[in-house]
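In what follows, a single structure is set out as structure tokens and then discussed.
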């Protein structure tokens, strides 16, 4: 099978007016993937409001014209879409060819019947977006598109599935190859040769089998291949193999009919309450990050380069697992997780039959869920990083008998397609008893009003939300409402139900629990439970990477706070501010704290609270960490008070300012790995010195900085990749312009949650002294990047074709 990216030379246009008479509101030539929504102007009155970051909904059309080359004539032609958001309708030369309602499902469209072999062809993809999600989704063809071409006797798309089993020294690989006969012959007798190669290209196993396929039918051949002393895949050692399949009419493989290949890994999985999660026989604690699918300044665009960058940064911060909240992942993200060693909990749906938004997936669930589950598993089957499938997130249905029945039906469907991986349902006990919770919320508001009035009521409600949620989760009504739904899956996913861990270990001794969504500030207490309780196999924070939408849930608010937004924030808030890593990819203090709690970082870490809010009353939601920055550059605050946090797992911390000790304080588990110092700000050096048993065990320093600097995350890239260059101008926020020779700036981003700037202007204002420039090279050679008189060079290598 020929498989080529079909991303070049598309035209995108926004449509306005009624459907039948829609007119273009502007057209643009683009290369896919292309998120149309990120390029629109945000609007304070947008449908979705702060939930979708004030971006407008709409209708867009993507068109591409092409001519069928000689090598493609007479072939079966299929378009593979890795994701189109959403309600995609595909037309070929004006004829309707296919559709896909779910914006996260990979799908295939057979365009063979509609193609002109001579002359020009036109592909048109129409997308419609309404109030369908609780976060920023992007719009249009935001993942890769491929053109697949094969003979009429061929391996079907996703027709190679590899299942592995292990004993002490040998891996058994079941290579299932599905072939379809759409040719003119009534019977085709074929020879299937399967080879397995290691990362160096060495042949490790091989087999050939005969397969007969009748006209109009497809058959699946299972070949068993054995690898001696295989190199196993894990987060610590992500070794990959390649399976190559050749179909021919003769046993020698001279008359080739079709070929295909898949990358996979060999690993074993087990989970029990007594021993927790084991990969290849070794115990693993999941250090998890929930992530949404947007990539900050680039919107929802997903490519190998972009996803590999994100996965690398998450891995560097200590995470070894992600949860694709709350939808199926892009293939590019799964490839990155395979490559760098990240375990994946791949989520299917955010809604079943009860709407969370007016036009969300609940409208499609009844007729489409089985097809979308099948698409998810077919896409993910050969990815060793995927270890479990989540059948839903905070589904209200789970609190009812009919919802428990539906849980069982979905879980059974998953197991029928992929029995080797685990099933999980991420349940929030409060959501499962929402009717009762509505009454409790009204009561809590009334109680809050008795404790004050006006702004004080809002403050009491916000600060008490965390404790209220934890208390509600312990109620018997939650136990009873969720029991049957949890019994339907292999692992019980607890969203904000960590207060139940020890209780449920006694109530349900055969239950394996995973913290599928937890508050940032609870990581030390939750991780202690993970280590103590064998049946709790990990913790997934909300969130590992900041995202657009649910604007302001992690933003620090200082009195007064508008009551109508509750835990969110009004216009122009863009991001949640609830990520360990910012939307541009910069690590925040919470990520270093988490790394220390996990036992992965020995050196202490210093975070400084923003001095402009010293002494003010902060109103934090449960998704907030402290309003701190890892910087000692605060121009204009010389001689003013400042509060400093130091994180460490040592016994004591001493803080020194310009060599003078500010004191020595006890720290550790009982102090929740954090101590606070107050001092007067003066420029210079701040040094934290950690002590264990009276001896210095580690130090960490930050210094006052000045001037402009440029830093490329990689000083050498391939021509099909992007360069990510940081512009730093500490101590002051100012507009900067980035100029490039040999490339083009395609986005400028910062981490300001309250910005009204967009990502595509020529200039951008620094925030916390930083701007991120995303640059596309013109081709192989060199790119020279300049800003504020500083210059760096990024080498661009030619990408060799496979």
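We count from 1, first residue shown onward.
Even glycines carry a Cβ here, placed using N, Cα and C.
Restricting the average to the domain 'Glycosyl hydrolases family 2 sugar binding' (8-149) gives a pLDDT of 95. What TrEMBL records for 8-149 is domain 'Glycosyl hydrolases family 2 sugar binding'.
Look at TrEMBL and you will find 159-267 tagged as domain 'Glycoside hydrolase family 2 immunoglobulin-like beta-sandwich'.
Marked as domain 'Glycoside hydrolase family 2 catalytic' by TrEMBL: 277-447.
Annotated domain 'DUF4982' per TrEMBL: 639-695, in sequence order.
TrEMBL lists 730-793 with the feature domain 'Glycoside hydrolase family 2'. Per-class residue totals from DSSP over the domain 'Glycoside hydrolase family 2' (730-793), listed helix then strand then coil: 0 helix, 36 strand, 28 coil.
Remark: secondary structure over the domain 'DUF4982' (639-695) totals 0 helix, 36 strand, 21 coil, with classes taken from DSSP.
The stretch from 8-149, 159-267, 730-793 with the most CB pairs below 8 A to the domain 'Glycoside hydrolase family 2 catalytic' (277-447) is 8-149.
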